[in-house]
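*Asks:* Pasting a structure here, questions to come.
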Amino acid sequence: MVLLATGGTISSRVQPAFGGATVAIDRGEQILGSLRSQPPYPVRVVDLFHEGSYLLTFGDMADICAKIADALSDPLVMGVVVTHGTDTMEETAFLADLTHDDPRPVVFTGAQRPADSAEPDGPGNLSRAIALAGSAAARERGVLLCFAGEIFPARGVRKAQTFDLHAFTNPDFGQAGFISAAGDIQMDDVLPRLDPLPLPSAGDGDDPRVDLVAAYPGADSLLLLASCGAGASGVVLQATGSGNANRVMCQAIADATAAGVVIVTSTRVQAGPVLPVYGHGGGKDLATAGAIPSGLLKPSQALVLLGLLLRLGMDREQIAQTFARHGAHPQPGSKSPRTQSIHQY
Ligand code: ASP
(Lines of atoms letter the chains of each structure in order from A and count residues from 1; the text may use other names and numbers.)
(Lines give C-alpha, C1' and ligand atoms only; values in the text may rest on other atoms or scores of the structure.)
Protein backbone atom coordinates (compact mmCIF):
# COMPACT_ATOMS: atom_id res chain seq x y z
CA MET A 1 0.00 0.00 0.00
CA VAL A 2 1.24 3.50 -0.77
CA LEU A 3 0.30 6.53 1.33
CA LEU A 4 0.71 9.66 -0.76
CA ALA A 5 0.83 12.68 1.54
CA THR A 6 -0.02 16.13 0.15
CA GLY A 7 -0.91 18.18 3.24
CA GLY A 8 -4.28 19.51 4.43
CA THR A 9 -5.78 19.70 7.90
CA ILE A 10 -4.84 16.09 8.61
CA SER A 11 -1.22 17.30 8.60
CA SER A 12 -1.83 20.74 10.16
CA ARG A 13 -0.88 22.29 13.50
CA VAL A 14 -1.03 25.75 15.01
CA GLN A 15 2.23 27.53 14.18
CA PRO A 16 3.29 30.53 16.28
CA ALA A 17 5.69 31.46 13.46
CA PHE A 18 2.66 32.01 11.21
CA GLY A 19 0.81 34.27 13.65
CA GLY A 20 -0.91 31.35 15.35
CA ALA A 21 -2.48 30.19 12.08
CA THR A 22 -3.02 26.50 11.45
CA VAL A 23 -0.79 25.31 8.62
CA ALA A 24 0.04 21.99 6.97
CA ILE A 25 3.33 20.83 8.44
CA ASP A 26 3.38 17.08 9.22
CA ARG A 27 5.00 14.65 6.82
CA GLY A 28 3.43 11.36 5.80
CA GLU A 29 5.37 9.36 8.41
CA GLN A 30 3.94 11.52 11.20
CA ILE A 31 0.43 11.15 9.81
CA LEU A 32 0.88 7.40 9.62
CA GLY A 33 2.37 7.39 13.11
CA SER A 34 -0.83 8.97 14.46
CA LEU A 35 -2.81 5.75 13.85
CA ARG A 36 -3.98 4.16 17.08
CA SER A 37 -3.17 0.66 15.85
CA GLN A 38 -0.86 -0.87 13.25
CA PRO A 39 -2.33 -0.77 9.73
CA PRO A 40 -3.34 -4.22 8.43
CA TYR A 41 -0.96 -3.89 5.43
CA PRO A 42 2.59 -2.65 5.01
CA VAL A 43 2.43 1.02 4.03
CA ARG A 44 5.09 2.90 2.06
CA VAL A 45 4.92 6.66 2.49
CA VAL A 46 5.48 9.03 -0.44
CA ASP A 47 5.64 12.72 0.49
CA LEU A 48 4.68 14.92 -2.43
CA PHE A 49 4.22 18.24 -0.64
CA HIS A 50 2.52 19.52 2.49
CA GLU A 51 0.17 22.31 1.54
CA GLY A 52 -3.31 23.46 2.37
CA SER A 53 -5.36 22.28 -0.59
CA TYR A 54 -6.70 25.81 -1.09
CA LEU A 55 -3.21 26.57 -2.50
CA LEU A 56 -3.18 23.93 -5.22
CA THR A 57 -3.00 24.63 -8.95
CA PHE A 58 -4.08 22.39 -11.82
CA GLY A 59 -0.39 21.46 -12.17
CA ASP A 60 -0.23 20.35 -8.52
CA MET A 61 -3.34 18.23 -8.96
CA ALA A 62 -1.86 16.67 -12.11
CA ASP A 63 1.35 15.93 -10.12
CA ILE A 64 -0.72 14.07 -7.54
CA CYS A 65 -2.34 12.02 -10.33
CA ALA A 66 1.07 11.27 -11.84
CA LYS A 67 2.34 10.08 -8.44
CA ILE A 68 -0.69 7.80 -8.09
CA ALA A 69 0.11 6.27 -11.48
CA ASP A 70 3.78 5.92 -10.45
CA ALA A 71 2.77 4.07 -7.28
CA LEU A 72 0.52 1.73 -9.27
CA SER A 73 3.27 0.97 -11.76
CA ASP A 74 4.58 -1.40 -9.03
CA PRO A 75 2.48 -4.58 -9.35
CA LEU A 76 3.04 -5.33 -5.65
CA VAL A 77 1.14 -2.19 -4.60
CA MET A 78 -2.41 -3.18 -3.66
CA GLY A 79 -3.86 0.34 -3.55
CA VAL A 80 -3.11 4.00 -2.89
CA VAL A 81 -4.34 6.30 -0.12
CA VAL A 82 -3.99 10.04 -0.72
CA THR A 83 -4.09 12.39 2.26
CA HIS A 84 -5.29 15.77 1.03
CA GLY A 85 -6.94 18.96 2.25
CA THR A 86 -10.70 18.84 2.18
CA ASP A 87 -11.21 22.24 0.52
CA THR A 88 -10.32 21.01 -2.97
CA MET A 89 -10.41 17.26 -2.48
CA GLU A 90 -13.38 17.15 -4.86
CA GLU A 91 -11.23 18.64 -7.62
CA THR A 92 -8.14 16.43 -7.24
CA ALA A 93 -10.12 13.25 -6.60
CA PHE A 94 -12.17 13.94 -9.74
CA LEU A 95 -9.06 14.58 -11.87
CA ALA A 96 -7.56 11.37 -10.50
CA ASP A 97 -10.77 9.49 -11.32
CA LEU A 98 -10.96 10.90 -14.85
CA THR A 99 -7.43 9.66 -15.57
CA HIS A 100 -7.38 6.46 -13.46
CA ASP A 101 -6.85 3.34 -15.54
CA ASP A 102 -6.30 0.54 -13.07
CA PRO A 103 -8.59 -1.82 -11.14
CA ARG A 104 -6.74 -1.14 -7.88
CA PRO A 105 -8.33 1.25 -5.41
CA VAL A 106 -7.30 4.86 -4.95
CA VAL A 107 -8.82 6.40 -1.83
CA PHE A 108 -8.68 10.06 -0.81
CA THR A 109 -9.05 11.11 2.81
CA GLY A 110 -8.21 13.96 5.16
CA ALA A 111 -9.53 15.62 8.29
CA GLN A 112 -11.76 18.39 9.53
CA ARG A 113 -9.79 18.85 12.76
CA PRO A 114 -6.06 19.55 12.79
CA ALA A 115 -3.54 16.98 14.02
CA ASP A 116 -2.97 18.95 17.26
CA SER A 117 -6.65 19.26 18.17
CA ALA A 118 -7.97 17.56 21.32
CA GLU A 119 -9.87 14.97 19.29
CA PRO A 120 -8.48 14.80 15.77
CA ASP A 121 -10.54 12.91 13.18
CA GLY A 122 -7.57 12.31 10.88
CA PRO A 123 -6.33 9.04 12.44
CA GLY A 124 -9.78 7.41 12.24
CA ASN A 125 -10.26 8.59 8.66
CA LEU A 126 -6.84 7.35 7.65
CA SER A 127 -7.19 3.91 9.18
CA ARG A 128 -10.53 3.44 7.40
CA ALA A 129 -9.06 4.69 4.11
CA ILE A 130 -6.17 2.19 4.39
CA ALA A 131 -8.59 -0.65 5.12
CA LEU A 132 -10.71 0.38 2.12
CA ALA A 133 -7.77 0.76 -0.26
CA GLY A 134 -6.62 -2.77 0.62
CA SER A 135 -10.02 -4.36 0.15
CA ALA A 136 -11.35 -6.34 -2.79
CA ALA A 137 -14.64 -4.45 -2.38
CA ALA A 138 -13.02 -1.22 -3.57
CA ARG A 139 -11.49 -2.67 -6.74
CA GLU A 140 -12.86 -1.58 -10.15
CA ARG A 141 -14.58 1.43 -8.57
CA GLY A 142 -12.26 4.15 -9.70
CA VAL A 143 -11.24 6.82 -7.24
CA LEU A 144 -13.11 6.92 -3.93
CA LEU A 145 -13.30 9.38 -1.07
CA CYS A 146 -13.48 7.94 2.44
CA PHE A 147 -14.44 10.32 5.22
CA ALA A 148 -16.12 9.91 8.61
CA GLY A 149 -17.09 6.35 7.72
CA GLU A 150 -18.78 7.36 4.47
CA ILE A 151 -17.50 6.28 1.06
CA PHE A 152 -18.22 8.34 -2.06
CA PRO A 153 -17.38 8.04 -5.74
CA ALA A 154 -15.15 10.95 -6.83
CA ARG A 155 -17.55 12.02 -9.57
CA GLY A 156 -20.09 14.41 -8.06
CA VAL A 157 -18.57 14.51 -4.57
CA ARG A 158 -18.69 17.91 -2.85
CA LYS A 159 -17.56 19.42 0.40
CA ALA A 160 -20.81 20.37 2.08
CA GLN A 161 -19.77 21.32 5.63
CA THR A 162 -17.08 23.75 6.74
CA PHE A 163 -16.43 22.10 10.14
CA ASP A 164 -18.80 19.19 10.70
CA LEU A 165 -16.97 15.85 10.68
CA HIS A 166 -19.32 14.52 7.99
CA ALA A 167 -17.82 16.94 5.51
CA PHE A 168 -18.84 15.46 2.16
CA THR A 169 -21.93 14.66 0.16
CA ASN A 170 -22.68 13.45 -3.33
CA PRO A 171 -26.20 14.53 -4.16
CA ASP A 172 -26.17 13.54 -7.83
CA PHE A 173 -24.16 10.31 -7.98
CA GLY A 174 -24.85 9.01 -4.48
CA GLN A 175 -22.82 7.33 -1.80
CA ALA A 176 -20.67 4.28 -2.61
CA GLY A 177 -20.92 2.73 0.84
CA PHE A 178 -19.85 2.79 4.49
CA ILE A 179 -16.90 1.56 6.49
CA SER A 180 -16.97 1.00 10.23
CA ALA A 181 -14.20 1.94 12.65
CA ALA A 182 -13.30 -1.76 12.72
CA GLY A 183 -12.90 -1.74 8.92
CA ASP A 184 -16.13 -3.57 7.98
CA ILE A 185 -17.11 -2.41 4.51
CA GLN A 186 -20.55 -2.22 3.00
CA MET A 187 -20.51 -1.18 -0.66
CA ASP A 188 -23.52 -0.15 -2.74
CA ASP A 189 -24.03 -0.58 -6.49
CA VAL A 190 -21.09 0.22 -8.72
CA LEU A 191 -21.18 3.58 -10.45
CA PRO A 192 -20.55 2.90 -14.16
CA ARG A 193 -16.95 3.64 -15.15
CA LEU A 194 -16.16 5.73 -18.19
CA ASP A 195 -13.17 5.35 -20.47
CA PRO A 196 -10.16 7.00 -18.81
CA LEU A 197 -8.74 10.20 -20.26
CA PRO A 198 -5.00 10.73 -20.62
CA LEU A 199 -3.16 12.83 -18.06
CA PRO A 200 -1.24 15.60 -19.80
CA SER A 201 2.38 15.59 -18.68
CA ALA A 202 3.97 18.71 -17.27
CA GLY A 203 5.19 20.98 -20.01
CA ASP A 204 2.76 19.50 -22.59
CA GLY A 205 1.78 22.54 -24.63
CA ASP A 206 0.49 25.79 -23.16
CA ASP A 207 -1.22 25.97 -19.80
CA PRO A 208 -4.65 27.26 -20.80
CA ARG A 209 -6.41 29.82 -18.68
CA VAL A 210 -9.76 28.49 -17.43
CA ASP A 211 -11.91 30.78 -15.30
CA LEU A 212 -15.07 30.60 -13.25
CA VAL A 213 -17.63 33.38 -13.67
CA ALA A 214 -20.85 33.59 -11.67
CA ALA A 215 -24.33 34.71 -12.68
CA TYR A 216 -26.42 36.40 -9.98
CA PRO A 217 -29.12 39.06 -9.77
CA GLY A 218 -27.74 42.16 -11.45
CA ALA A 219 -24.60 40.47 -12.84
CA ASP A 220 -23.24 42.10 -15.99
CA SER A 221 -20.68 40.91 -18.55
CA LEU A 222 -17.68 42.69 -17.02
CA LEU A 223 -16.01 39.65 -15.43
CA LEU A 224 -16.65 37.48 -18.47
CA LEU A 225 -15.11 40.11 -20.74
CA ALA A 226 -12.16 40.49 -18.35
CA SER A 227 -11.61 36.74 -18.43
CA CYS A 228 -11.71 36.64 -22.24
CA GLY A 229 -9.50 39.74 -22.34
CA ALA A 230 -6.97 37.93 -20.13
CA GLY A 231 -6.79 35.19 -22.75
CA ALA A 232 -9.05 32.54 -21.26
CA SER A 233 -9.44 29.44 -23.44
CA GLY A 234 -12.36 28.28 -21.37
CA VAL A 235 -14.86 29.63 -18.88
CA VAL A 236 -17.24 27.80 -16.59
CA LEU A 237 -20.37 29.82 -15.97
CA GLN A 238 -21.75 29.25 -12.49
CA ALA A 239 -25.32 29.86 -13.57
CA THR A 240 -28.49 30.07 -11.47
CA GLY A 241 -31.18 27.40 -11.29
CA SER A 242 -31.22 24.90 -14.14
CA GLY A 243 -28.47 26.87 -15.88
CA ASN A 244 -29.62 30.42 -16.51
CA ALA A 245 -27.92 33.82 -16.76
CA ASN A 246 -29.36 37.00 -18.28
CA ARG A 247 -29.51 38.79 -21.62
CA VAL A 248 -26.29 40.76 -21.26
CA MET A 249 -24.23 37.74 -20.15
CA CYS A 250 -25.79 35.66 -22.89
CA GLN A 251 -24.70 38.16 -25.55
CA ALA A 252 -21.16 38.19 -24.12
CA ILE A 253 -21.16 34.38 -24.21
CA ALA A 254 -22.27 34.38 -27.86
CA ASP A 255 -19.39 36.77 -28.69
CA ALA A 256 -16.91 34.70 -26.66
CA THR A 257 -17.86 31.37 -28.26
CA ALA A 258 -17.73 33.00 -31.72
CA ALA A 259 -14.18 34.05 -30.82
CA GLY A 260 -13.29 30.44 -29.90
CA VAL A 261 -13.57 30.52 -26.11
CA VAL A 262 -15.20 27.34 -24.79
CA ILE A 263 -17.97 28.16 -22.33
CA VAL A 264 -19.53 25.52 -20.08
CA THR A 265 -22.74 26.22 -18.17
CA SER A 266 -22.91 24.71 -14.69
CA THR A 267 -25.13 25.72 -11.80
CA ARG A 268 -24.80 26.99 -8.27
CA VAL A 269 -27.67 24.69 -7.25
CA GLN A 270 -26.65 21.76 -5.06
CA ALA A 271 -28.11 18.97 -7.20
CA GLY A 272 -29.72 18.21 -10.55
CA PRO A 273 -28.78 18.70 -14.19
CA VAL A 274 -28.27 21.83 -16.27
CA LEU A 275 -30.94 21.86 -18.98
CA PRO A 276 -31.71 24.31 -21.81
CA VAL A 277 -35.23 25.43 -20.86
CA TYR A 278 -35.54 29.20 -20.43
CA GLY A 279 -35.30 32.17 -22.79
CA HIS A 280 -34.36 35.85 -22.29
CA GLY A 281 -30.81 34.88 -21.38
CA GLY A 282 -31.80 31.61 -19.74
CA GLY A 283 -30.35 28.19 -20.46
CA LYS A 284 -31.98 27.74 -23.87
CA ASP A 285 -30.47 31.00 -25.08
CA LEU A 286 -27.10 30.12 -23.55
CA ALA A 287 -27.10 26.85 -25.50
CA THR A 288 -27.95 28.76 -28.70
CA ALA A 289 -25.09 31.13 -27.85
CA GLY A 290 -22.77 28.10 -27.88
CA ALA A 291 -22.43 27.29 -24.18
CA ILE A 292 -22.02 23.59 -23.37
CA PRO A 293 -24.22 22.26 -20.54
CA SER A 294 -22.23 20.53 -17.78
CA GLY A 295 -25.00 17.99 -17.11
CA LEU A 296 -24.73 17.04 -13.45
CA LEU A 297 -21.20 18.37 -12.96
CA LYS A 298 -21.06 21.28 -10.56
CA PRO A 299 -18.71 24.23 -11.08
CA SER A 300 -15.69 22.83 -9.17
CA GLN A 301 -15.62 19.61 -11.17
CA ALA A 302 -16.72 21.24 -14.45
CA LEU A 303 -13.60 23.44 -14.14
CA VAL A 304 -11.39 20.37 -13.70
CA LEU A 305 -12.89 18.56 -16.70
CA LEU A 306 -12.75 21.65 -18.93
CA GLY A 307 -9.16 22.35 -17.85
CA LEU A 308 -8.17 18.77 -18.63
CA LEU A 309 -9.88 18.65 -22.04
CA LEU A 310 -8.36 21.97 -23.14
CA ARG A 311 -4.92 20.71 -22.09
CA LEU A 312 -5.54 17.59 -24.19
CA GLY A 313 -6.17 19.86 -27.19
CA MET A 314 -9.81 18.90 -27.68
CA ASP A 315 -12.05 21.12 -29.80
CA ARG A 316 -15.47 22.43 -28.79
CA GLU A 317 -17.37 19.48 -30.27
CA GLN A 318 -15.19 16.90 -28.50
CA ILE A 319 -15.51 18.85 -25.26
CA ALA A 320 -19.32 18.92 -25.61
CA GLN A 321 -19.42 15.15 -26.18
CA THR A 322 -17.16 14.49 -23.20
CA PHE A 323 -19.30 16.66 -20.90
CA ALA A 324 -22.38 14.82 -22.13
CA ARG A 325 -20.81 11.52 -21.03
CA HIS A 326 -19.28 12.61 -17.74
CA GLY A 327 -22.16 14.83 -16.71
CA ALA A 328 -24.82 12.23 -17.46
CA HIS A 329 -26.78 10.46 -14.82
CA PRO A 330 -25.45 6.90 -14.55
CA GLN A 331 -27.73 4.63 -16.52
CA PRO A 332 -29.20 1.95 -14.28
CA GLY A 333 -28.33 -1.54 -15.41
CA SER A 334 -25.99 -0.25 -18.10
CA LYS A 335 -24.35 -3.38 -19.58
CA SER A 336 -21.21 -1.76 -20.89
CA PRO A 337 -20.47 1.13 -18.58
CA ARG A 338 -17.02 1.90 -19.94
CA THR A 339 -18.47 2.59 -23.37
CA GLN A 340 -21.58 4.36 -22.10
CA SER A 341 -23.18 6.44 -24.84
CA ILE A 342 -24.28 10.05 -24.51
CA HIS A 343 -27.26 10.21 -22.19
CA GLN A 344 -30.21 12.44 -23.07
CA TYR A 345 -32.22 13.89 -20.25
N1 ASP B 1 -9.85 22.70 5.56
C2 ASP B 1 -8.88 22.18 4.74
C3 ASP B 1 -8.48 20.74 5.07
O4 ASP B 1 -9.24 20.00 5.46
C5 ASP B 1 -7.73 22.96 4.42
C6 ASP B 1 -7.22 22.40 3.15
O7 ASP B 1 -8.01 22.13 2.27
O8 ASP B 1 -6.05 22.14 3.05
O9 ASP B 1 -7.40 20.29 4.90
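Just so you know, glycine gets a Cβ as well, placed from its N, Cα and C.
Predicted automatically and left uncurated, TrEMBL annotations should be read as such.
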*Asks:* Figure out which of Ser53, Ser73, Ser117 sits with Thr86, Asp87 in the substrate site per TrEMBL.
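*Replies:* Looking at Ser53, Ser73, Ser117, the one TrEMBL places in the substrate site next to Thr86, Asp87 is Ser53.
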*Asks:* I need the CA-to-CA distance for Thr86 (substrate binding site) versus Thr9 (active site, O-isoaspartyl threonine intermediate), whole Å please.
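*Replies:* Spelling it out, the Cα of Thr86 (substrate binding site) and the Cα of Thr9 (active site, O-isoaspartyl threonine intermediate) are 8 Å apart.
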*Asks:* Could you put numbers on the helix, strand and coil content of the domain 'Asparaginase/glutaminase C-terminal' (209-323), residue by residue per DSSP?
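*Replies:* Per DSSP, the residues of the domain 'Asparaginase/glutaminase C-terminal' (209-323) fall into 47 helix, 21 strand, 47 coil.
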*Asks:* Compare all C-alpha positions of Ser53, Thr86, Asp87, the record's substrate binders, and send over the largest distance in angstrom.
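*Replies:* Greatest Cα-Cα span of the listed binding residues: 7 Å.
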*Asks:* Please report the three-state DSSP label of Asp87 (substrate binding site).
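*Replies:* In three-state terms, Asp87 (substrate binding site) counts as coil.
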*Asks:* In the three-state scheme derived from DSSP, which category covers Ser53 (substrate binding site)?
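*Replies:* In the DSSP reduction, Ser53 (substrate binding site) maps to helix.
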*Asks:* Would you list, in sequence order, the residues of this chain other than Ser53, Thr86, Asp87 that have their CB within 8 A of the centroid of the site's CB atoms, where the site is the one recorded for substrate?
*Replies:* Gly8, Thr9, Gly52, Tyr54, His84, Gly85, Thr88, Met89, Gly110, Lys159
